[in-house]
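Right, one structure below, let's go through it.
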Amino acid sequence: MSTNRTFTMIKPDAVANGHIGSIINDFTNAGFKIIALKYTKLTDETAGQFYAVHAERPFYKDLVSFMSSGPIVAAILEKDNAIEDFRKLIGATNPAEAAEGTIRQKYAKSIDANAVHGSDSDENAEIEGNFFFKADERF
Ligand code: UDP
(Lines of atoms letter the chains of each structure in order from A and count residues from 1; the text may use other names and numbers.)
(Lines give C-alpha, C1' and ligand atoms only; values in the text may rest on other atoms or scores of the structure.)
Protein backbone atom coordinates (compact mmCIF):
# COMPACT_ATOMS: atom_id res chain seq x y z
CA MET A 1 0.00 0.00 0.00
CA SER A 2 1.29 3.46 -0.86
CA THR A 3 2.07 5.69 2.10
CA ASN A 4 2.15 8.80 -0.11
CA ARG A 5 5.43 9.74 1.49
CA THR A 6 8.99 9.81 0.29
CA PHE A 7 12.33 10.62 1.87
CA THR A 8 14.89 12.93 0.31
CA MET A 9 18.30 14.43 0.98
CA ILE A 10 19.78 17.50 -0.63
CA LYS A 11 23.31 16.17 -1.03
CA PRO A 12 26.59 17.93 -0.06
CA ASP A 13 27.28 19.17 -3.62
CA ALA A 14 23.95 20.98 -3.92
CA VAL A 15 24.26 22.41 -0.40
CA ALA A 16 27.83 23.65 -1.09
CA ASN A 17 26.72 25.20 -4.38
CA GLY A 18 23.97 27.21 -2.67
CA HIS A 19 20.95 25.35 -4.05
CA ILE A 20 19.05 24.49 -0.85
CA GLY A 21 16.43 27.21 -1.31
CA SER A 22 15.85 26.57 -5.03
CA ILE A 23 15.55 22.83 -4.52
CA ILE A 24 13.08 23.11 -1.63
CA ASN A 25 11.13 25.53 -3.81
CA ASP A 26 11.04 22.90 -6.57
CA PHE A 27 9.73 20.33 -4.05
CA THR A 28 6.87 22.55 -2.90
CA ASN A 29 6.07 23.87 -6.41
CA ALA A 30 5.66 20.24 -7.52
CA GLY A 31 3.02 19.74 -4.81
CA PHE A 32 5.09 18.05 -2.11
CA LYS A 33 4.25 18.99 1.47
CA ILE A 34 7.09 19.08 4.01
CA ILE A 35 6.42 16.65 6.87
CA ALA A 36 9.92 16.78 8.41
CA LEU A 37 13.04 18.82 7.65
CA LYS A 38 16.60 18.79 9.07
CA TYR A 39 19.95 20.44 8.24
CA THR A 40 22.60 18.00 9.43
CA LYS A 41 25.80 16.20 8.53
CA LEU A 42 26.43 12.48 8.13
CA THR A 43 29.59 10.89 9.48
CA ASP A 44 31.45 8.15 7.61
CA GLU A 45 29.70 5.70 9.91
CA THR A 46 26.14 6.98 9.49
CA ALA A 47 26.56 7.44 5.71
CA GLY A 48 27.83 3.85 5.56
CA GLN A 49 24.76 2.64 7.45
CA PHE A 50 22.36 4.66 5.31
CA TYR A 51 23.82 3.24 2.08
CA ALA A 52 24.44 -0.29 3.42
CA VAL A 53 22.25 -1.72 0.60
CA HIS A 54 24.97 -0.56 -1.83
CA ALA A 55 27.85 -2.05 0.22
CA GLU A 56 28.83 -4.48 -2.54
CA ARG A 57 28.74 -1.93 -5.35
CA PRO A 58 32.04 -0.53 -6.67
CA PHE A 59 31.10 3.09 -5.92
CA TYR A 60 30.14 2.43 -2.25
CA LYS A 61 33.32 3.80 -0.59
CA ASP A 62 33.35 6.96 -2.69
CA LEU A 63 29.62 7.44 -2.12
CA VAL A 64 30.06 7.19 1.66
CA SER A 65 32.94 9.66 1.73
CA PHE A 66 31.07 12.06 -0.57
CA MET A 67 27.89 11.91 1.53
CA SER A 68 29.85 12.68 4.70
CA SER A 69 31.93 15.45 3.08
CA GLY A 70 29.60 18.29 4.06
CA PRO A 71 26.17 19.13 5.44
CA ILE A 72 22.98 17.80 3.88
CA VAL A 73 19.27 18.57 4.18
CA ALA A 74 17.06 15.58 5.02
CA ALA A 75 13.30 15.68 4.55
CA ILE A 76 10.14 13.61 4.52
CA LEU A 77 7.74 14.78 1.82
CA GLU A 78 4.08 13.96 1.20
CA LYS A 79 2.01 13.89 -1.97
CA ASP A 80 -0.24 11.42 -3.78
CA ASN A 81 1.94 8.91 -5.63
CA ALA A 82 4.97 10.37 -3.82
CA ILE A 83 7.66 7.82 -4.72
CA GLU A 84 7.05 7.81 -8.47
CA ASP A 85 6.30 11.53 -8.80
CA PHE A 86 9.39 12.47 -6.80
CA ARG A 87 11.67 10.22 -8.87
CA LYS A 88 10.26 11.95 -11.95
CA LEU A 89 10.91 15.38 -10.41
CA ILE A 90 14.56 14.61 -9.61
CA GLY A 91 15.37 12.82 -12.89
CA ALA A 92 17.80 10.05 -13.82
CA THR A 93 20.68 9.09 -11.50
CA ASN A 94 23.16 10.38 -14.08
CA PRO A 95 22.43 14.09 -14.60
CA ALA A 96 23.69 13.80 -18.19
CA GLU A 97 20.68 11.55 -18.81
CA ALA A 98 18.20 13.49 -16.65
CA ALA A 99 15.23 15.06 -18.45
CA GLU A 100 15.10 18.81 -19.04
CA GLY A 101 13.76 20.70 -16.02
CA THR A 102 14.45 17.93 -13.51
CA ILE A 103 16.34 18.78 -10.33
CA ARG A 104 19.37 16.68 -11.24
CA GLN A 105 19.49 18.18 -14.74
CA LYS A 106 19.41 21.68 -13.24
CA TYR A 107 21.69 21.30 -10.22
CA ALA A 108 23.87 18.18 -10.52
CA LYS A 109 27.21 17.84 -12.27
CA SER A 110 28.04 14.11 -12.06
CA ILE A 111 26.55 10.67 -11.41
CA ASP A 112 28.07 10.55 -7.91
CA ALA A 113 27.49 14.15 -6.86
CA ASN A 114 23.93 14.23 -8.14
CA ALA A 115 22.30 16.87 -5.93
CA VAL A 116 19.44 14.87 -4.39
CA HIS A 117 18.37 11.49 -3.07
CA GLY A 118 14.88 10.09 -3.53
CA SER A 119 13.55 6.84 -2.05
CA ASP A 120 12.84 4.07 -4.56
CA SER A 121 9.96 2.37 -2.71
CA ASP A 122 7.42 2.94 0.07
CA GLU A 123 9.31 0.46 2.22
CA ASN A 124 12.63 2.30 1.80
CA ALA A 125 10.96 5.69 2.33
CA GLU A 126 9.79 4.43 5.72
CA ILE A 127 13.21 3.02 6.67
CA GLU A 128 15.10 6.11 5.44
CA GLY A 129 12.72 8.56 7.14
CA ASN A 130 13.09 6.66 10.40
CA PHE A 131 16.88 6.92 10.04
CA PHE A 132 16.69 10.72 10.48
CA PHE A 133 13.40 11.61 12.17
CA LYS A 134 11.59 10.70 15.41
CA ALA A 135 7.80 10.82 15.63
CA ASP A 136 7.83 14.22 17.36
CA GLU A 137 9.90 15.73 14.52
CA ARG A 138 7.12 15.14 11.96
CA PHE A 139 4.25 17.57 11.41
N1 UDP B 1 26.13 6.35 -7.58
C2 UDP B 1 27.44 6.54 -7.96
N3 UDP B 1 27.90 5.89 -9.09
C4 UDP B 1 27.09 5.08 -9.83
C5 UDP B 1 25.76 4.90 -9.44
C6 UDP B 1 25.29 5.56 -8.30
O7 UDP B 1 28.19 7.26 -7.31
O8 UDP B 1 27.56 4.52 -10.83
C9 UDP B 1 25.64 7.06 -6.37
C10 UDP B 1 24.75 8.24 -6.72
O11 UDP B 1 24.99 9.28 -5.78
C12 UDP B 1 23.36 7.65 -6.54
C13 UDP B 1 23.57 6.70 -5.36
O14 UDP B 1 24.87 6.16 -5.58
O15 UDP B 1 22.40 8.64 -6.30
C16 UDP B 1 22.57 5.58 -5.23
O17 UDP B 1 22.51 4.88 -6.47
P18 UDP B 1 21.12 4.42 -7.09
O19 UDP B 1 21.45 3.51 -8.23
O20 UDP B 1 20.23 3.91 -6.00
O21 UDP B 1 20.54 5.77 -7.73
P22 UDP B 1 19.35 6.75 -7.28
O23 UDP B 1 18.26 5.90 -6.69
O24 UDP B 1 19.93 7.72 -6.28
O25 UDP B 1 18.93 7.45 -8.55
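Each Cβ is built from the backbone N, Cα and C atoms, and glycine gets one as well.
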**Prompt:** In TrEMBL, the residues K11, F59, R87, T93, N114 are said to bind ATP. Which of R104, R138 is said to bind at that same site?
**Reply:** R104
**Request:** Enumerate in sequence order the binding-site residues F59, T93, R104, N114 whose Cβ-atom distance to ligand 1 is under 6 angstroms.
**Result:** F59, T93, N114
**Request:** Could you tell me which of these binding-site residues, T93, N114, has the fewest other Cβ atoms within 10 Å of its Cβ?
**Result:** T93
**Prompt:** Under the DSSP assignment, what numbers of helix, strand and coil residues are found in the domain 'Nucleoside diphosphate kinase-like' (3-137)?
**Reply:** 64 helix, 24 strand, 47 coil
